[in-house]
Amino acid sequence: MKSKHVAVLLGGFSSERPVSLSSGKACADALENEGYQVTRVDVGRDVGSVLAELKPDVAFNALHGPFGEDGTIQGILEYLGIPYTHSGVLASALAMNKEQAKKIVKTVGVPVAESKVANRFAIQNKHPMKPPYVIKPVNEGSSFGVVIVSEGQSHPPQVVGSSEWKYGDTVMVERYIHGRELTCAVMGDVALGVCEIIPTGHSFYDYDSKYVAGGSKHECPAKVSPNIYQKIQTLALKAHQAVGCRGVSRSDFRYDDRHSENGEVVWLEVNTQPGMTPTSLVPEIAAHAGHSFGELLSWMVEDASCLR
């Protein structure tokens, strides 16, 4: 029996609550199987006082979205002096802001797509760049609010400026990159491997592709040339280190090989709180690298810390 008491933080109150509940349950169950004493904490506004009373040895952060992966919960854990998994305050905040993260990784030679930040109301009547392009909320995950504007589309999508839009007023407009969706997991200072995501019946890796059964297929390891495979691993590790991530992260890429095998590789974003069910991408990539789900989570618990 392992002696550590682990508080698994799950749920929360962001739009990604259902995803977090799924990740948190899987992690809590697996950690119990590994011999840890586990308490499941469905996070509310009183989480600070709950954790202060609970006094766990480690907090396993299974939250997703604002509050859970933007540096907020990380700051609370730092204040309480509770070691926690995944990235720290600054790296979490930077990674959650897609535009700022892109600026940082670009300085270390990671290729990114042309983009600009705009107010959503300012792009209602005129294209902010020549289509095709993608509109993304600056601070959301799980592909919430992502809109693809196709080549030849005469007007910007009206939903972005409407009352239906629930993802903040600031959006990132990014050049659309044709090609295959690839992702690479990083564990500590090692890139674990590259997986291809093949959406089923979807134009890109949206919410349903990620979380609805049969929404996508995963090709692990990705069937690309050894040079491209190594390049993506190198870029993912560079992004992880440049943003200041710790523990586990996952970088997403587009790979356009329509005209040559070497093609164009473009980094899209780094996820500091990737999905953590046994069938999620990071555990799947880790399994191909020889790490079981339980072993991966145990490593994360032992890697947990404050102030780094």
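Cβ coordinates are placed from backbone N, Cα and C, and glycine is handled just like the others.
According to Swiss-Prot, the protein has these features:
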type	residues	note
DOMAIN	102-302	domain 'ATP-grasp'
BINDING	128-183	ATP binding site
BINDING	Asp252, Glu269	Mg(2+) 1 binding site
BINDING	Glu269, Asn271	Mg(2+) 2 binding site
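Feature map: Swiss-Prot annotations on the structure.
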residue	record	DSSP (3 states)
Pro128	ATP binding site	coil
Ile135	ATP binding site	strand
Val149	ATP binding site	strand
Pro156	ATP binding site	coil
Ser163	ATP binding site	coil
Thr170	ATP binding site	strand
Ile177	ATP binding site	coil
Asp252	Mg(2+) 1 binding site	strand
Glu269	Mg(2+) 1 binding site	strand
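Ranked by Cα separation from Pro128 (ATP binding site), the binding-site residues Asp252, Glu269, Asn271 are led by Glu269. Between the C-alpha atoms of Ile177 (ATP binding site) and Asn271 (Mg(2+) 2 binding site), the distance comes to 19 Å.
Figure note: comparing Cβ neighbours within 10 Å for the binding-site residues Ser163, Thr170, Asn271, the maximum is reached by Asn271. Cα of Val149 (ATP binding site) to Cα of Glu269 (Mg(2+) 1 binding site): a span of 19 Å. Long-range neighbours of Pro156 (ATP binding site) (same chain, six or more residues apart, CB within less than 8 Å of its CB): Ile123, Gln124, Asn125, Lys126, His127, Pro128, Val149. The binding-site residues shown are Ile135, Ser163, Thr170; of these, the one with its CA atom nearest the CA of Glu269 (Mg(2+) 1 binding site) is Ile135. The CA atom of Ser163 (ATP binding site) is located 28 Å away from the CA atom of Asn271 (Mg(2+) 2 binding site).
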